[in-house]
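J.: Take this structure, written in structure tokens, and hold onto it; I'll ask about it next.
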Amino acid sequence: MTIMSNLNIPLFPDQEKDLSSSASQPETAPIGAEILIEQLHKFYGQIKVLEDLDLHIQAGEFIAIVGRSGCGKSTLLRLIAGLEHTSYGEIKFKSARHFREGITSDDIRVMFQDPRLLPWKSILHNVQLGLNKQQLPIAEQLLEKVGLKDKAGQWPSQLSGGQRQRTALARALSHSPRILLLDEPLGALDALTRLEMQSLIERLWKEQGFTAILVTHDVSEAVQLADRIILLDKGHIAQSFEVNLPRPRHKSLEFAQLEQQVLEAVLAT
């Protein structure tokens, strides 16, 4: 599914196209994109949603954004995706793979709480959307990675909620995006399925090296997945928490302490 068209988002200002440099990059280099957000503002009429926001995200980093409802989390994600325009300020991208003049729709993919599968297409055909003939085998490979190889010929209505989100994840990764945006994709799932999806997302993130940004109301989920947790409050970054816990993460005293620290910070906003 193409989420954007005709994007022309600038790279870092000191960055120049260097084909000889990009050619020397190893094929195994991370595909994630570095993101630099500077003095970002977003208004809807007279209502300020994001104000003077600065954020630097490293290539391949996993960021979680938390905060109360209405603090600007999903708005920030839509601005990064190019689904909305900034009021002013800049969002710049730099590829860890090679330099490029801008960023395309295939470079950024979004997963929502609603998987948005086409009901008249099979699971395999949903994942194949937007792929050319040479790329079609990628869809089958991804369905195998997410544990749905045996469901390829079924319809979305035949799948559970967790299986539909696994399909959406496979579809999002079919174009090898540099950035994966996760807008509360696990919010409607039961607890066990949610844990399974967290593990799957983490495994594919580690395998593929994309930059991941997760919006969530679940502080435990943020601690489970993120390298860094950003707390938004009234359109500003209120706090930032480094998550220096080994992966894969398990419940521990350190995990619980950080979870409580972040939760108390959210409740204090």
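Using N, Cα and C of the backbone, Cβ positions are placed for all residues, glycine too.
Straight out of Swiss-Prot:
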BINDING   Gly67, Arg68, Ser69, Gly70, Cys71, Gly72, Lys73, Ser74  ATP binding site
DOMAIN    35-259  domain 'ABC transporter'
J.: With every protein chain in view, how many other Cβ atoms are within 10 Å of the Cβ of Ser69 (ATP binding site)?
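T.: Neighbour count, Cβ to Cβ under the 10 Å cut-off: 7.
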J.: Determine the Cβ neighbour count for Lys73 (ATP binding site): the number of other Cβ atoms within 10 Å of its Cβ.
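T.: Counting Cβ neighbours of Lys73 (ATP binding site) within 10 Å gives 25.
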J.: Just how many other Cβ atoms lie inside 10 Å of the Cβ on Gly72 (ATP binding site)?
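T.: Counting Cβ neighbours of Gly72 (ATP binding site) within 10 Å gives 23.
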J.: When DSSP states are folded down to helix, strand and coil, where does Gly67 (ATP binding site) land?
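T.: Gly67 (ATP binding site) sits in coil per DSSP, no helix or strand.
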J.: So if I measure Cβ to Cβ from Ser74 (ATP binding site) and keep only same-chain residues at least 6 apart in sequence, which ones fall under 8 Å?
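T.: Spatial neighbours, sequence-distant, of Ser74 (ATP binding site): Asp183, Glu184, Val215.
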J.: Using an 8 Å cut-off from the Cβ centroid of Gly67, Arg68, Ser69, Gly70, Cys71, Gly72, Lys73, Ser74, can you name the remaining same-chain residues around the ATP site, in sequence order?
T.: Thr75, Leu232
J.: For Gly67 (ATP binding site), what residues in its own chain, 6 or more apart in sequence, show a Cβ-Cβ distance under 8 Å?
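T.: Listed in sequence order, they are Lys73, Leu231, Leu232, Asp233, Ala238, Val266, Thr269.
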J.: Reduce the DSSP letter at Ser74 (ATP binding site) to three states and note it down.
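T.: Note: Ser74 (ATP binding site) is helical by DSSP.
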J.: Average the per-residue pLDDT over the domain 'ABC transporter' (35-259) and send me the rounded value.
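T.: Residues in the domain 'ABC transporter' (35-259) carry a mean pLDDT of 93 in this prediction.
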J.: Please work out the number of neighbouring Cβ atoms within 10 Å of the Cβ of Gly70 (ATP binding site), leaving out its own Cβ.
T.: 12
